[in-house]
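Everything on this sheet refers to the single structure shown next.
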């Protein structure tokens, strides 16, 4: 059987004994230690001649005396195997033989067999020393050839596997001596080969290695540290032959005079020194001075008097601890100096520990007396206080001083002063004395509360709940007690012609500001209040801070359609010619949103149409254009539902239904004229004249002109009558950057026979006009009256357009044209105001909000030209 890397030899001895019904045998096996669990030991069934399949039925079991089951038996095949780790060194120690025994018991019939297993040793342990380091001390005078026993290494293995040899690291002073005793143990000794010299080398580090005889070999090491011992062959030496020092006569007991120091070149106890006075030192010296035996410090231990003796000579010595002892000697000269040994004394009388911060300069705080027991220069005293305090000393005769205030006191800056009074004499060196006077400053109400910010800004979302906290203000008063107790209130400040009290309130103690109502951004975008902080002093002081409340917009308004004019959500616009090309502008939907920012950003979508494939709507512009040419199969009447949405969260929307007709009998001139009027975005600059030439000279157009000339008088009378009836259209101003537009009123009358027109821009400068002034532009028109049918189709019949907004200035414009004009000027009315929205002008021709054209007749068009004059309705000039 091959177990691990070695062959397990099984030796079997079988002895059969027949005693009555009991059958027994003895079997012996041999295995190496440290076999793996399950390793094969032997086939016990085969060796005992037993039937393997019947082992389990006969209740075969292993029984040991110590109860440990190192081995087990397989009941199916009778193989004996290793059940637990077997460590020979743990079981038998260093015994040369080692075995384990147990019994195999079988029933039916009862049999008992004894099994003995011999455990052979393997080289599984290296040699080891008791310590990792071995220290030796050898005197430098030791003679060569001296031996020093060393501790042997230990290897728990036996036989050839135990310690077999030693080896010492290479060196010139020591070698190794190994002896083998009769028992087989090896004794190791260190042999000194050469004399030692501590001054040359004081320490040796050697490495001792032990090897066993196993295969493979194992080893263990120990470090040998050898210290060379010293002998006392040097006397102590002081670093000075004579020490000199000066000492004040009033040096107190324990004062360090000087420290002496000596060195000994030996080591160990031979270099340990003890300091002392020598036999030559006098009794007086021993009474006045002490010498520390370990440190060599000489200190004062008695009172010194310069008048009795001004110099002392101290004889000292240092003795080592060698055998025999050796000593070194030196002397110390101490010279006494005369000093000013009395300090000034400070006495305080009439001390006032508290002073009010309203105290005037010169107020007496304390009376001070300074004395010195010395005489002469040593008795002359001086006194001062720090310069960084609002006090000063006033000197009086006989070394008396007054401590008075030198400046105004401010308790809020410093509420307590520690005035340090320093007195010194004129001695050499001068002596001084300090004394501190504590002065407390009492408070008066001289500070108003201070807000932590000069102004505050609060942001409140509109539609807030009444009672919501919008901001907290804080004011601090540096005074004390009641003078620093702050209460808050709101000062009356008009907001939209109302006091601020219905809008907000403030907690008088905490400074929390609360909203008293729900704010509406569209009505009130911001307002300012003044918050007052007042202390409880007498008299009380106060301060205020501005609080700017900014109302933040919420998307709480749906878009509103302003053009075209709707009724019940529907509007009808002019007809569209059937010959209109793709891209033709049918109309433009305009809407406003009372909100602001993204909440007022509108988008237009085509929600429903009679024919969705025929139309497109500009997402941002709201322009309804043809996608393709109109076919004969298209419905003559179209209806579109336009969805207008804002960009807020949540999004609001509105719808408008646009209806118009598709007509086939529209002349080319009318088509061009209508298409020109519907593309008003081409005309947006000042004093820009765009000449539109109607080149059609068809017979039908000439016939119509002749008919109009024949009916001129009749048309003029009807036109004049219609000019007196003005219809008013109201268009709310559209926002731009939150501004509110001005209001304008327009009145128009147009001639339908114009074949050519000029555009004139009129500018009304709002900065030069007073509030609520009405300005009218009057145009006198002569000629025939336009027929009702033509006028209703071609122009807006004397419509008065009122363009209004909150706080705007109204203007009135009236234009009338002659029906016989062969040339016309299109007049742009473009009021310049900072608040005017992007739709700067209004059109005179239907649909009014989409076009910015007004007509005016020039003098060359008629014998009685239409003269337009600007007349301020209340006396102002344009």
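Every residue, even glycine, has its Cβ placed from backbone N, Cα and C.
Per TrEMBL, the feature signal peptide maps to 1-25.
Taking H, G and I as helix, E and B as strand and the rest as coil, DSSP gives the domain 'Cadherin' (21-129) the counts 13 helix, 44 strand, 52 coil. TrEMBL lists 21-129 (among others) with the feature domain 'Cadherin'.
Along the domain 'Cadherin' (130-238), the predicted structure has mean pLDDT 88. Taken from TrEMBL, the feature domain 'Cadherin' applies to 130-238 (among others).
Residues or ranges marked as domain 'Cadherin' in TrEMBL: 239-346 (among others).
Across the domain 'Cadherin' (347-451), DSSP helix (H, G, I), strand (E, B) and coil residues number 4 helix, 53 strand, 48 coil. Summarising the annotation, TrEMBL assigns domain 'Cadherin' to 347-451 (among others).
The domain 'Cadherin' annotation in TrEMBL covers 452-561 (among others).
Residues or ranges marked as domain 'Cadherin' by TrEMBL: 576-662 (among others). Secondary structure of the domain 'Cadherin' (576-662) per DSSP, as helix, strand and coil residue counts: 7 helix, 42 strand, 38 coil.
What TrEMBL records for 688-711 is transmembrane segment.
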The domain 'Cadherin' (239-346) - residue tally per DSSP class, helix then strand then coil: 9 helix, 48 strand, 51 coil
